[in-house]
Amino acid sequence: MAPALSPTRSHHVAVIGAGPAGLVAARELRREGHSVVVFEKQKQVGGTWIYTDEVESDPLSVDPTRSVVHSSVYRSLRINGTRECTGYRDFPFVVRSGVSRDPRRFPSHGEVLAYLKDFAKEFGIEEMVRFETEVVKVSPAAEEGIGKWRIESTEKEKKVRRDEIYDAVVVCNGHYVEPRLAQIPGISSWPGKEMHSHNYRIPEPFRDKVVVLIGNSSSAEDISRDIARVAKEVHVACRSNPADTFIKQTGYNNLWTHSMIESVHEDGSVVYQNGKTISVDIIMHCTGYKYHFPFLDTNGIVTVDDNRVGPLYKDVFPPAFAPWLSFIGIPWQVLPFPMFELQSKWIAGVLSGRIPLPSKEDMMIEIKTFYSTLEVQGIPKRYTHRMGNTQFEYYNWLASQCGCSETEEWRKEMCLANGVRKEAHPETYRDEWDDHHLVSEAYQDFSLYS
């Protein structure tokens, strides 16, 4: 066991990002008695949930000199998980009155942003936030003592650069900014337009076009249907589909699902593994994102290798820097907000000395064992942080560390049922459901916090 910190000791902690992870991190750290400064590049809280019509100058978002747009939200986006499962555990995402509020069970991105602002207001988070302040560099400040961190930041308006020392840093900068792209044979000579879904906002630019989307994510499903309203043809290609896949989507006369692209050619054609050849105007990569920490300088100790952030104990602490450096929100295929809350409680309690960590050696042994297990199971490195149905074991482990209750059974059942419904009825799952008994259980729990 690592030496325990002084019980209930207060530390000066920097939180990077005022999105849904950073907001709840700030609350939990302050609740535990720490002093907190939150660094946020934008003018308001909300992170990726702040919608903007603006897109990047490079539609693929690979040009390092581009002006980066943080949000990946498109105008028609509605959440793909239920309202009940989406909210923080002790601040339910319930319907609120107001002319601009969205009362639907699967509301729009604007309703999520409004909820996050409600949360920030309720817990006085904004007083801890430095808005329009970008973190330029985070590095160990060994000369200042064990666990100290130097943060260099710039304020947009004042053009002031600060150099400050903190006891600990919690990284909450999200991972929906730096796109991953599919590797397509022949793409360098293909004459059409390529883009990433990060830069998709509205369907109108695709009117009368033949469009290919690559990916099987929720964004690929939603955007393909959004575009199909105006496009000439929409084709969705997916690596996980069998090679002979060619399916016309029910309810559409211009939307097909294919196997993966085999190659593209100078004449504008796209050849699929199923043997189909189609002349295409636009290829959109709906292929996810890379973890990206451009400000973090750990001298190679914390790395991103094929989308594995490591080494991280329980997806949060790099052993060499624990507990003074931590990450919130690394796992995916999860219930994000409740997970952020539990990770935040754990970090806050570890920093105060209330919750012990294993020794650095024991943490590294567990990490290496986990990596070996993934390798034996044939799981690619890029899926290291994918959880899916194992997420609930993780939440309950976090809860056990923090001394709080495990994930509610209704939340687990609702999440799993929604996944089944989404798979079976992708067109209607947001507006038709049959889990009213679980909704009732959820609202009985919510009454404890009203």
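Using the three backbone atoms N, Cα and C, a Cβ is placed for every residue, glycine included.
Straight from Swiss-Prot, the features:
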- GLY17, ALA18, GLY19, PRO20, ALA21, GLY22: FAD binding site (BINDING)
- GLY215, ASN216, SER217, SER218, SER219, ALA220: NADP(+) binding site (BINDING)
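Within 8 A of the CB centroid of the NADP(+) site residues GLY215, ASN216, SER217, SER218, SER219, ALA220, the other residues of that chain are SER197, LEU213, GLU221, ASP222, ILE223, CYS286. According to its DSSP assignment, SER218 (NADP(+) binding site) is helical. When the binding-site residues GLY17, PRO20, GLY22 are ranked by how far their Cα is from the Cα of SER219 (NADP(+) binding site), PRO20 comes first. In sequence order, GLY46, GLY47, TRP49, LEU116, PRO336, PHE337, PHE340 make up the list of same-chain residues 6 or more apart from PRO20 (FAD binding site) whose Cβ falls under 8 Å from its Cβ. For the pair formed by ALA220 (NADP(+) binding site) and GLY19 (FAD binding site), distance between Cα atoms is given as 24 Å, rounded to the nearest Å. Around GLY215 (NADP(+) binding site), taking its Cβ as the centre, 23 other Cβ atoms fall within 10 Å, counting all chains. Per Cα geometry, GLY19 is the residue among the binding-site residues GLY17, ALA18, GLY19, GLY22 nearest to SER218 (NADP(+) binding site).
It is 25 Å from the Cα atom of ASN216 (NADP(+) binding site) to that of ALA21 (FAD binding site). The C-beta environment of GLY19 (FAD binding site), restricted to residues of the same chain at least 6 apart in sequence and closer than 8 Å, consists of VAL45, GLY46, GLY47, THR48, TRP49, LEU116, CYS172, GLY174.
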